[in-house]
């Protein structure tokens, strides 16, 4: 089979599998699937930020900015929830843009610590101001996604299956956008800023500007993931976007690997299934942190380049094993 | 192995083998400790949705351990509800004090495990569970009445009225140590800390004790308490109030108070694993420490007014099975189950709505510490908290001793306006939340 056709078939199979997936899961697994889908967007947006070589410790808080903004906009204005989610994403991007001025005066480790400090300031503001952020208890009874009647199907978005389909479409579009960004000249500039910043600067690339751009774009997508979460669970509080959540994002990215687009996605999918389904299902409820930590150590020891290295290895073997078409065939395919 | 490790002679394979054995051992142990034994007849499942891991686990895991003892005792005695014999089984889900996990857990417990009642710690996870409980009509209990609001009709707080019972400790201090006239308060800045701060502020004001400065709220991520304590005792207070700090904070704060030479009175909502605090400080330093959660080997719990089943024996059995793990919640979830079982027997049914109706019949109920009333309209907008007497506990010679019982409704009737003013000032009234 020609390689292009194999790819098309592969994508089609994946799409069908994602649509049918909830039907094969239990109620609680469907809930986990919703959160997993949202986390796929979150960790992918984090990778977009890391393309320029900067790692942030404020990404979870930026996710929270989107969540708070979207929840408050629906509360104050009654705006249609999907639109308020976009407002949440834009607010997160705008906050990131403002933060980027002081933060991108720093690089590397200093940026890491600076982003953590900026995030903590935002979190403390949420706690400090009971009005409008709800203080330490946060916001409750956030407007849910309104039900949708399409005639052939009534979508009650309280149900995890329906919300999963909604989140899947939103996340799918975002992933496609991020993919296009990375493949565009802008994405090439991000890579250049990461690997050869002096050379890029000498070539006329505005290094600081591209770093800011990656930060703002990544924050917009993270804000959307926060908004998706807020309107599903109906409650958010400053603790939901704290250090612990940030550690999870880092772990997903590191275990999955960040050199490919699918690396962090692989990380979040594998680790979530392991932690929430496999270990709980095996009855290891209280020993999960111990086993989870042990598996992380294993992965760092044996897969220092992340889970993506396994896929890269398999792809390389597949390329070698697959018979290459004759030159005439290749020309025809081209 | 450790000698080899120190000498650098252990290889990676052996390290991994040893670690895997350790992990598997711990995992298997934890698995079996959560199962209740089945004794035949019908099975009624009860959900336990609370943090079993993470920083708040001290208010979940000991409760599950207590429930396992309760279930064994009750099942061995035989449970008859509505003329049918039942075995009670607990199904636990670790919500990690995370709303997303709590929603998933509630869904699993209700729709897959088909439990008839869910016990929660409450707090941050509750709002995510609320819509699931509302849609399914599931009866849920919380240890934190601040979760209650007029909309939460199937949520009850039958074990503790946190943080209102803290007034009894302050009242006892004022009566028994009238020379103490100044206090300072510190608490973690979260949903547990703030309503408790409001309560202590009202209680101190009612007792005529001056709070020297605004309560010091520290971030829950704090690990270094030296600066917190230095600032706290800078004005030489006679009382240091630790509010409703988690065990992970109470211990290092006490250590710091000891190291920085504080010699005054300490009052706290909890003092879980206080023997460990004594080990890190001294018996003399902890002498007179006031808190609210007794050890159940206390003779004061053998009174006729106490409704908890065989408290001294329960404590003995708990300490035998889980040495050094007795804490504030070890008995609480079990006491909720006592109430549930009584109501189920009265209703002749295990269905949530029947049990709730039977539980609230007559507006009174059998609380662990005596007859109590269903109360809370003023503070929570709904009478779903069971409130009566609450013990005041003092550490004497290294051991927690009940010094008396304070009556919460009596205090409230006298100081209602103070408490509401204080709660409103911190935005903790039900109509101000969220």
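Every residue gets a Cβ built from N, Cα and C, even glycine.
Summarising the annotation, TrEMBL assigns transmembrane segment to A:32-49 (among others).
Away from its own ends, the transmembrane segment (A:56-73) comes close to residues 42, 45-46, 49, 79, 81, 84-85, 87-89, 91-92, 95-96, 99, 111-113, 115-116, 118-120, 122-123, 126, 132-133, 139, 142-143, 215, 218-219, 222-227, 229-231, 236, 238, 240-243, 245-246, 249 of its chain (Cβ-Cβ under 8 Å, at least six residues beyond either end). Taken from TrEMBL, the feature transmembrane segment covers A:56-73 (among others).
Marked as transmembrane segment by TrEMBL: A:79-101 (among others).
Residues or ranges marked as transmembrane segment in TrEMBL: A:108-126 (among others). Residues 54-62, 64-65, 68, 95, 99, 102, 133-135, 138, 237-238, 241-242, 246 of the same chain, all 6+ positions outside the transmembrane segment (A:108-126), place their C-beta atoms under 8 angstroms from a C-beta of that stretch.
What TrEMBL records for A:163-179 (among others) is transmembrane segment.
Among the features that TrEMBL reports, transmembrane segment is placed at A:213-234 (among others).
The feature transmembrane segment is assigned by TrEMBL to A:246-278 (among others).
Here TrEMBL flags A:290-307 (among others) as transmembrane segment. For the transmembrane segment (A:290-307), same-chain residues at least 6 beyond its ends with a Cβ under 8 Å from one of its own Cβ atoms are 251, 254-259, 263, 266-267, 270-271, 274-275, 279, 284.
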Ranked first among A:32-49, A:79-101, A:213-234 for CB pairs under 8 angstroms with the transmembrane segment (A:246-278): A:32-49
Range from A:79-101, A:163-179, A:213-234 with most C-beta pairs under 8 A to the transmembrane segment (A:32-49): A:213-234
Within-chain partners of the transmembrane segment (A:79-101) [C-beta distance under 8 Å, separation at least 6 from its ends]: 58, 62-63, 65-71, 73, 115, 118, 122, 143-146, 170, 211-212, 215-224, 226-228, 230-231
